[in-house]
Amino acid sequence: MSVMLVIDRVYMSIFIFIVKLFGRTPEKCYKWEPMPEEDIELGSSEFPAVLIQIPMYNEKEVYKLSIGAACGLSWPSDRIIIQVLDDSTDPTIKEMVEKECKRWENKGLNIRYETRIDRKGYKAGALKEGMQRSYVKHSEFVAIFDADFQPQPDFLLRAIPFLLHNPQIALVQARWTFVNSDECLLTRMQEMSLNYHFDFEQEGGSACSAFFGFNGTAGVWRISAIDDAGGWKDRTTVEDMDLAVRATLRGWKFVFLPELKVKSELPSTLKAFRYQQHRWSCGPTNLFRKMVMDIIRNKNVSPMKKFYVIYNFFLVRKIVCHAINFMVYCMILPATSLVPQVQMPKWATVYIPLTVTFLNAIATPRSFYLVIFWVLFENVMSLHRTKACFIGLWEAKRANEWVVTEKLGQMLKNANGIRATKKPSISISERLHLHDIWVGAYLLFCGGINVAYGNDHQYIFLFTQAMAFFTVGFGFVGTNVPNS
């Protein structure tokens with residue numbers, strides 16, 4: 001498993017280096033022409049009709065961001081429909097969102113406020129129902145933005161030409177940037193992981209196989225490709241990845257645009273981050289369980305692409321990378337202190353971890369000095385990600401749990417010079433995470449044994465990692481905010 005992981009990381013890094021060296025930008029690999037200026041006589045007929053979908057759920061802090069950004073997109077007003085899909089359960093918030101939509105409608109924007117009786121299918125259900133509205137049938141493309149995402153005005157002008165001039169492309173995915181990455185150590189760690197995801201996994205997948213997992217937001221789909229792939233399905237908590245895999249099995253291609261960036265907000269509370277990571281780790285393995293045989297039997301794509309999807313995309317990046325961190329560095333390696341007859345090879349304990357760490361760190365050079373903290377934090381989170389992976393594979397309890405990631409509106413607060421609200425006193429029950437504390441105690445015990453009987457100084461790592469587990473276990477990570 002260690003070898004599988006490091007080969008994938010090195011291979012992807014070399015591939016990205018070659019792409020950068022030869023300047024193989026998406027504009028050079030695919031036909032791209034700028035959109036024409038609106039002609040007084042012809043009007044906007046050369047511009048395709050575009051639907052903007054903004055799914056949201058009780059987004060009190062950030063609903064204005066995405067609505068305002070969508071209404072500010074540069075596109076002919078008669079060729080764009082903005083659809084706010086509000087699944088909020090709070091009547092006050094629903095009223096606030098509807099008023100915001102009315103405000104923009106009074107300015108001449110074609111914006112529709114849509115609600116549902118229930119939240120069946122969660123986000124996938126909302127997107128699917130929104131696509132069934134009669135006024136959508138003339139739209140060719142659909143852009144999706146979560147409630148905390150803020151696209152620049154030229155977003156459609158830069159993305160749509162790829163779809164317009166390349167009929168084989170189904171999806172154009174933009175890169176995320178993070179407005180609150182400096183909020184706390186938790187957000188800095190997330191920035192390092194997500195930068196690697198976008199700069200290597202997403203861009204590499206786009207360049208080498210025209211496939212990657214849709215990120216669920218900040219992307220533009222060809223509506224005919226969505227229909228061809230079977231539409232939105234709610235069978236897992238990663239409806240975006242589900243659609244992407246089914247579309248690629250139908251022969252569609254995806255393009256990732258690293259220079260097209262959309263502002264977003266990282267979860268800055270430990271609770272929100274843990275729920276998000278559970279969904280991001282459990283959903284892919286549950287989808288893999290449901291689709292692996294469909295991928296193997298598929299006849300529309302090449303064997304190499306099927307191998308890439310099964311091996312690189314699912315097996316290595318969604319299962320092995322989580323399991324190896326927890327099983328080796330948090331369980332097996334500490335256990336060697338209890339059984340001195342067992343010796344772990346240096347390539348597994350030193351060389352491979354250093355290689356993987358370096359490749360991740362170069363994606364965020366400004367945070368290179370935090371790389372040790374990042375390694376310790378990733379090992380802690382590997383406990384929860386590995387647990388979620390197996391929940392998804394076995395389709396056990398919580399496999400279909402959907403908790404919307406809490407947003408604090410830091411984009412607006414940072415603009416106004418306001419920091420996150422601190423809450424110095426939180427109940428013990430809210431702070432304690434027993435699984436992390438038990439693993440921390442195990443590492444502390446193994447470290448003590450290594451001090452007494454070992455001669456390899458392994459206790460330095462064990463004690464440090466134990467402190468990381470205790471820090472998370474007692475809730476001293478991220479910002480603390482009132483529950484309201």
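Each residue, glycine too, has its Cβ placed from N, Cα and C.
Remember, predicted model here, so these are calculated numbers, not experimental data.
For reference, TrEMBL has these:
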TRANSMEM  6-23  transmembrane segment
DOMAIN    142-358  domain 'Glycosyltransferase 2-like'
TRANSMEM  307-328  transmembrane segment
TRANSMEM  348-377  transmembrane segment
TRANSMEM  432-453  transmembrane segment
TRANSMEM  459-481  transmembrane segment
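Residues 330, 334-335, 337-338, 340, 380, 383-384, 387, 459, 462-463, 465-470, 472-475 of the same chain lie 6+ residues outside the transmembrane segment (432-453) yet bring a C-beta within less than 8 angstroms of a C-beta in it. Long-range neighbours of the transmembrane segment (6-23) within the same chain, counting only residues 6 or more positions beyond its ends whose Cβ lies under 8 Å from a Cβ of the stretch, are 199-201, 203-204, 207-208, 312, 316-317, 352, 355-356, 359. This prediction places the mean pLDDT of the domain 'Glycosyltransferase 2-like' (142-358) at 95.
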